[in-house]
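Copied over from TrEMBL:
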BINDING   153, 154, 155, 156, 207, 208, 209, 210, 211, 212, 213, 214, 215  GTP binding site
BINDING   289, 294, 296, 302  Zn(2+) binding site
DOMAIN    105-265  domain 'CP-type G'
DOMAIN    113-263  domain 'EngC GTPase'
């Protein structure tokens, strides 16, 4: 039997046979380890899994009724908290998003799997967007074939004095090939457009703490009440056991995977010389570089450096690239 992981709390999981929303509990069989994976979590929200279940008969010989939790009670012919399903294997992933700790442990954690689109929520101010962090997220999505839309929230707070900053942001990221939406969870600006993107798909919402991600999800579906905190490198060291990732069903159709605010985002499974190929605008320009390979740092005849100088490639994105090169050197 197969199902999708929709929630992960410590060693306990909730599964559902999507697109149905028939939640039931499950646990892992032993220690599942994916071949070639260095992640701390072998099973992630969004994973398709195989599972087994053996019904338990109650003492009276009949199956039990639903308990107070809403899940069936012990003795049921469906998985229960007392007699959960057992996850036996993780099915091949279409894609996934993974982050590495930025501390010296360098442990990796899978944020979500099998997503149709990632929505990276940012704010121009309150808090101010950090472009190097955003670019790390974008590179990771490029590596694992996850389409991205950037969502600027809190646009109701940005008067005309912010217009130049908003236009500059659009220029940088639309120029790199990413759709950019302006929305407001407070006023509903752009929420209908965002809802259309999410319909009939599995969407990942991610961003730093304070950008209003949970409020935006509630604006998409007022019946939802996501409660997530902030994830830090300490989580990757096993010092937190709370639920960090959960999938929700939208009343308008589709599913959302919510994540906590992320403090740091290190790259995973990426060689230093590969980084530039995951900046789409740099990849296009590099076809005209005099030398192959080219690091786009010091080589004569570098088309990427020329594109930065003439403004075709933004200096901000190029600066993020140089920062990633430096970090990858530091940790190798």
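Sequential numbering from 1, following the chain as shown.
Note: Cβ is positioned from N, Cα and C throughout, glycine not excepted.
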Along the domain 'CP-type G' (105-265), what average pLDDT does this model show?
88
From binding-site residues 289, 294, 296, the one whose Cα lies nearest residue 213 (GTP binding site):
296
Please tell me which one of the binding-site residues listed here (289, 294, 296, 302) sits closest to residue 207 (GTP binding site), measuring Cα to Cα?
296
Cα separation, residue 215 (GTP binding site) to residue 302 (Zn(2+) binding site) (Å, whole number):
45
Neighbour count, 10 Å Cβ-Cβ cut-off, for residue 215 (GTP binding site): what number do you get?
15
Report, as a single number, how many Cβ atoms besides its own are within 10 Å of the Cβ of residue 211 (GTP binding site).
24
Just to confirm: which same-chain residues, 6+ apart in sequence, have a Cβ under 8 Å from the Cβ of residue 294 (Zn(2+) binding site)?
286, 302, 304
What other residues of the same chain, not counting 289, 294, 296, 302, have a CB atom within 8 A of the CB centroid of the Zn(2+) site?
276, 286, 290, 291, 295, 297, 299, 301, 303, 304, 305
Indicate whether residue 289 (Zn(2+) binding site) is helix, strand or coil by DSSP.
coil
What count of other C-beta atoms do you get within 10 angstroms of the C-beta of residue 289 (Zn(2+) binding site), across all chains shown?
21
Near the Cβ of residue 155 (GTP binding site), how many other Cβ atoms are there if near means within 10 Å?
20
